[in-house]
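Participant: Would you mind keeping the following structure in view while I ask a few things?
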């Protein structure tokens, strides 16, 4: 995909500027009063065909950008704008492959690279010393392949799953790569999602992973990214070049310690869907306390915050909303107020911004679409909350 300078003025919005070059408040268009599907499709089509200039620094996260774009088009029921075979071939080209079966025990992870930049070419002897994959990139790769209808049973899943176990630590947590990386709930979630999509749990010790997750539940009901940390519905503050966009997860610290914990337990089969409707209330997690923590995250403006005393942000409507959907507590939120807040973040260019009035970005655009899917917006495909993509893809 080509790159070029992207300028919001390409959309001919006719903003007036004050003497310092910033748009004057009177010239900024008021937010649209409805979900404008056509503008969002156009926004994602632009991302599919041309990477805007300001995303070039995130070239290492190219698969993540592609996931948000392609899965977003699927949520908008516009996947026909994508060349599915070409996309599948492109994604498959990023998988790392061992030269022999014995290399599967060398500690490296033979998943997917995030881009060509992280896919080192072999030396003159045909040897590539550091050619391992990354958990977040592998999640995105498999999600894209499922979205475009590629049969995951035809890929080299044995290499992925055997080497995936190399990344699990004795305490049950996961590293995203085999050297020099932090361990926390984001990567437990990626490992669980990978095994779930491949329909094979041989890649991880689920019991150890479960015990690690349970240690992360805080006194207030939410989950920290690691045992003893503050409860989080967001992921933005942990630095990792691979996770700028998907943990912001991919990945930003915006996938949420709480989301990663609950979604992982659901994918691994340790908690049921819609727990609150069950007559038997026993659970391995403290559900009432967790529900209370989640409900407190809806702010007075109708949006969701990632943790106490933080401003509302578009993406939290998914990270917290999806947890409530899994628990069966989504019915308790103020949907009208949330709908109103999200519309203030909808851009006239298409996409969503982090806060009202800001320019849109692909990360918040995608989680804006997932939020509207949870709200059952007409014209959108339903969402699989625990995988963060459409129900149709999750099947």
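Cβ atoms here come from the backbone N, Cα and C positions, even for glycine.
According to TrEMBL, the protein has these features:
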{"type": "COMPBIAS", "residues": "12-21", "note": "compositional bias 'Acidic residues'"}
{"type": "DOMAIN", "residues": "35-234", "note": "domain 'Prenyltransferase alpha-alpha toroid'"}
{"type": "DOMAIN", "residues": "255-384", "note": "domain 'Prenyltransferase alpha-alpha toroid'"}
{"type": "REGION", "residues": "1-33", "note": "region 'Disordered'"}
Participant: Within the domain 'Prenyltransferase alpha-alpha toroid' (255-384), count helix residues (DSSP H, G, I), strand residues (E, B) and coil residues, in that order.
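Facilitator: Counts, helix then strand then coil: 61 helix, 7 strand, 62 coil.
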Participant: What mean pLDDT score does the domain 'Prenyltransferase alpha-alpha toroid' (35-234) have in the model?
Facilitator: 90
